[in-house]
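> Below you'll find the structure I mean.
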Amino acid sequence: MGAGSRDAPFTLNSGAEDQLIARGFKRNRAKTAFTWILTLLSGGILRLVFYWMDHWLLICTHSPCRPEDADQILLEDQFKQKFVCKVVTLTNEDSGRTGKHQSHSLGDDRGRPAPAIGFPEKNGYFRDVDRLRYFDDRKLRYIWNEETKGFQKLLGMDQDLDTEFLQTGQPLDEPESFRRRALYRPNIISISITPIIELLVKEVLNPFYIFQIFSICLWCSYGYYYYAGAIFLTTSGSLTLTVYETRKMQQTLRDRVHGQELVEVCRPGGVTEVISSELLVPGDVFIIPTQGCQVMCDAVLIAGTVIVNEAALTGESVPVTRFYANEPVKAVVLRTGFTTSKGTLIRSIMFPKPVDFKFYRHTYIFVIVLSGIALCGMIYSAILRAMRGQDVSEIIIRSLDVITIAVPPALPAALSVGIVYAQRRLKKAQIYCLSPRAINICGSINLVCFDKTGTLTVDGLDLKCVLPCDQSDFQAEVTDPKTLPNSTLKHCMAACHSLTMIQEKLSGDPVDLIMFNAVGFALEEPGISEPTRFDLVAPTVVTDSHGTESGEAESIGIIRDFPFASNLQRMSTIVRRLGDPHFAYFVKGAPEKLVTLCRPDTVPEDFVEKLESFTRRGDRVLAVAWKSLEDMKLVQIHKVQREELDCNLLFVGFVVMENRLKVDTNAVLDEIHKAEIRVVMVTGDNIYTAISVARESGMVKLWDDVQVVNGGASTVTWSHSESISVGSNHDGLFDPSPKTHPTVVKLPTNHLAISGDSFLAVKNHHPEVLKKLLAQGTIFARMSPTDKERLVEEFQKAGFYVAMCGDGANDCGALKAAHAGVSLSESEAAAAAPFTSTAASIRCVPEIIKEGRAALVTSFGIFKYMAGYSLTQFFTVILLYSIATNFSDLQFLYTDIFQVLILSATFGRSKAHERLAKIPPPTSLMAFIPLFSVFSQVVIVMGAQLAAFFVAYTEKDATSYENMYPNGTGTPPFASKENFAVFSVSAFQYVWLAIAFSKGPPYRRILLKNKLFCICAMAMVAFDLFLLLGPTAPVKWLLELLVPENWNKRLILLSIAVCNGALAISFEGVIVDYVIYQKLGKKFRWLRNSKRHQDVTQELLLDLRDDWWAAKEQHGGAISTFTSAASVIPPPPPPPSPPPPPRKSEGSSYANKAFVGDSDSMDTHL
């Protein structure tokens, strides 16, 4: 970071995803004094504005300065969000008092004097400094570096760390630990629970609630207590619900992530000390207990062997064995607190990226438009009243009242109606929502990402069968491996693994466990204490618990194991059978890898056909091979490299497993497909296994083509996954260089599959290919949690509305990044996701989308209704102001409470439609159709009110200002014929607007199914008829009605109201919904303002150029050239009818690796 000029902005985390633009500020006393004077003169209003925009307060009270002189830092992130951070100076005298967490943790050191502060250097060393300047931003600390004259993020010891340091580094003593703790803070992921009163104050200070408070006070000032009380009650209920949900979410997150354990740390001199994990600092060496523990930090193993569940870090669905040396298990702390991998995840939950949902953004714009209209009305009212000589206080109060009419204070509560009802219906379906705002966003979902294991498929695998090979011929399938004779295949299943006993329980890779348990062997480890057994060279022994036919138990000693390596796609062990003078080498792994290491004369001729017969059904297949090490001694066994052994193997058979789909997976995916919502698989498992599951689940149709993309920094290679050919070496290669734009784009019919490493390479180096992946990618495998989150973000940048459904901690980042995250578990994923289903089934996904669409359409309808109601009442008031009259208080109360409030409350009770429509609902209020709809209805309303007004306003019945205000004084008599005419017609209009804007299919059920709404509407129409045609004397007196004695006028008013209703409902249903939306919307898609995934895909493809790649396919020496405008890979030939299942090959290995070949590979060059 460089400072540049005196007050120039500087960059933090340059080039990273969390890059920040920062600027230093220093207190300016003159500006501060002037600002506070203005604040006092404004009656505190200016301070309220500064609360909403705190960076304005910083600018008004501080002056820009160099970062080394700053006492405040203004940060701006990539989303244009601004944050103000206070710069703190830490000295060795007050290091224990720099924050509540520090003072708490350092208090355990009994107040000993703090040594010099340590500044982190490279290679894990710390430089002594007397003072350190820093600021904290969203749980991360940035420290001042005097050498570079800039702030830098405080990270752990994993940056620029030499591995030699780990090998030679010494444990920290207590003073050094104390010193580092002053800098790094306690090792806790602290989730503070905000006090209820503070939450309440923060919510009350929201601009909408401030406006409601202003409105309530204004109404009370002239005695409009009834409506003020009703709004106060609804506002209080809304506030209570919001505070309750916010606090509940904080408590849930804290309960899920907060925790501490006692840890045994090493100190100089070979001694150990038991401390709380809260006191760990980077550089501490701690011992992992034999019974296991939850590691509360990020650490690197420096001694011993452990089995680690890394699901939250790497996306692996199985535990992984980590080892370093044959010593007691030790690890060095690298990162603590919020800098750890888990801390980063929790930060993403606490400080989510802003979701730019157009509906909410346009809501504020529309309110500003209404405010502008209200301002015009306020000026008009003030001028009229001033011309009539009214008191200044009366002019101000009545003019301000116009604002509360044009901008409805009940709007926030009304907009939440549809969400509240949808949330209740979801809760009945055992789907819980922690973020109600996400429900509306679900209505726009056009792409759903699914995790695989535990989401689409059941947890775990089942052994389906084994297929032995004898003298290069496959034998019959064996479903129970226990019945196998003492063959090499059985021995390999029993001894080729890395299982171990932990607390007398067999632990390790689930695939290894399934195979081992299937053959009925028992595992016995050296009978010594666990802490010391790592120091010995002693074999693990597996014994056939059933014995042999001669009654003797078969025993095999595992001398050495070579762990699974993802690049090799296999694992192996060196074993020795009891009584056998020679060692043996057992290998299992991906079929396509092992077959290249085997002697050709041992591989059956029907190897490919047998493999395809299993993989076509989505089974996972492991190949097994071995060889005898007759010439090796024990000393050589412990020195030999696996590369020297992986040759001339003897093929002995297949082990076949199945990962079954959940019962409802196919049906749910089919329902989503029929709604034309795109489906994508994002998994940490092997790419070819994922392809198999995609085909089996219907995500990829049998006749569709799948190409596997492999990316590097300079090139991107691809190959078909559909058929195999042992020894085939054809690779596809294309160089993404643009040339010309296509004129016609066809939607893709093929699918792309890619792994996490390749996706990252494509994202960083090949933007053209990235667009193709976003347009056609269906299978994203070997994705780490970070990869999943990045993929979701790239989909969002492309224009998709993304839902993510997963069940594990490794899905948390993606669940939080998505527009709608759906968790199927109660783990950390539930805290990260807005939605949690107690039933571990993806059936919840279409239900959430249905409810989201219903809620979004309800919110649209209610907003249009509230806008129509406000403009209707605004026009009514302006019209009556022209003759110096208005509605009476009870007339306002009747329309506001007994009509509008009840109708808006029952408006959202319509349930979601049973089926998902193919077109998502619109998302923008500022689009043509919603604006045309609202203002057309307002025009109809104005026409009806003017007609009613002029019916009453005749020469004979004219109401003059002089007659109403003798000598310019007195209270306006509300009872007038104009008042009655406009009031009686407008009372009907509020019902007509509610019916017109209450949409039914295809997103909600028909209006008649909303029985409560229909009953309320009919009751109101009946009462309005009563008020118009024959109100009783008490009702006339209460509402201050002057009913015309002439029945003809009443019937004319009734006909105006009926014609108004017929025109309003028919115009909305026929002109807006049918003619414009359905008919014209098919030809002009911009009218519908709803994004299907096909629209986004087409936009991506249109950005590409026509011949930016050319493909060549080799067939026996003949080369054919293809050019396509719509796909990276030339589409496959059209299948015959009916289309047979294509030849494909997806198998499985030790870590779910699969077999693939490409007899129909293509090479693509510029």
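Every residue, even glycine, has its Cβ placed from backbone N, Cα and C.
As listed in TrEMBL for this protein:
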- 1129-1142: compositional bias 'Pro residues' (COMPBIAS)
- 19-145: domain 'P5B-type ATPase N-terminal' (DOMAIN)
- 263-331: domain 'P-type ATPase A' (DOMAIN)
- 94-113: region 'Disordered' (REGION)
- 1123-1166: region 'Disordered' (REGION)
- 33-53: transmembrane segment (TRANSMEM)
- 224-244: transmembrane segment (TRANSMEM)
- 363-383: transmembrane segment (TRANSMEM)
- 395-422: transmembrane segment (TRANSMEM)
- 862-884: transmembrane segment (TRANSMEM)
- 928-953: transmembrane segment (TRANSMEM)
- 1012-1031: transmembrane segment (TRANSMEM)
- 1051-1077: transmembrane segment (TRANSMEM)
> So which of 395-422, 928-953, 1012-1031 is most in touch with the transmembrane segment (1051-1077), counting Cβ pairs under 8 Å?
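The stretch with the most close Cβ contacts to the transmembrane segment (1051-1077) is 928-953.
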> Grab the pLDDT values for the domain 'P-type ATPase A' (263-331) and give me their mean, rounded.
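Looking only at the domain 'P-type ATPase A' (263-331), pLDDT averages out to 72.
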> Checking distant contacts: for the transmembrane segment (862-884), what same-chain residues at least six beyond its ends satisfy Cβ-Cβ under 8 A?
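Counting only partners 6 or more residues beyond its ends, the transmembrane segment (862-884) has Cβ contacts under 8 Å with 363, 366, 370, 373-374, 377, 380-381, 384, 388, 402, 405-408, 410-411, 414-415, 417-418, 895, 900, 903-904, 907-908, 925, 930, 933-934, 937-938, 941-942, 945-946, 949, 953, 959, 961, 964-965, 972, 976, 978-979, 982-983, 986, 989-990, 993-994, 997.
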> Take the domain 'P5B-type ATPase N-terminal' (19-145) and count its residues per DSSP category (helix H/G/I, strand E/B, coil), listing them in that order.
48 helix, 47 strand, 32 coil
> Residue list, the transmembrane segment (395-422) vs rest of chain: Cβ under 8 Å, 6 or more residues beyond ends.
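For the transmembrane segment (395-422), the list is 208-209, 211-212, 215-216, 218-219, 221-222, 231, 234-235, 237-238, 363, 367, 370-371, 373-375, 377-379, 381-382, 385-386, 436-437, 439-440, 851-852, 854-859, 862-863, 865-866, 869-871, 873-874, 877-878, 900-901, 904-905, 907-909, 912.
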> For the transmembrane segment (363-383), give me same-chain residues lying six or more residues beyond its boundaries with a C-beta closer than 8 angstroms to one of its C-beta atoms, as numbers and ranges.
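Contacts with the transmembrane segment (363-383): 395-396, 398-400, 402-403, 405-407, 411, 415, 863, 867, 870-871, 874, 877-878, 881, 925-926.
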> In the same chain, who gets a Cβ under 8 Å from the transmembrane segment (1012-1031) while lying at least 6 residues past its ends?
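Here the qualifying positions are 898-899, 902-903, 906-907, 909-910, 984, 987-988, 990-991, 994-995, 998, 1039, 1041, 1043, 1050, 1053-1054, 1057.
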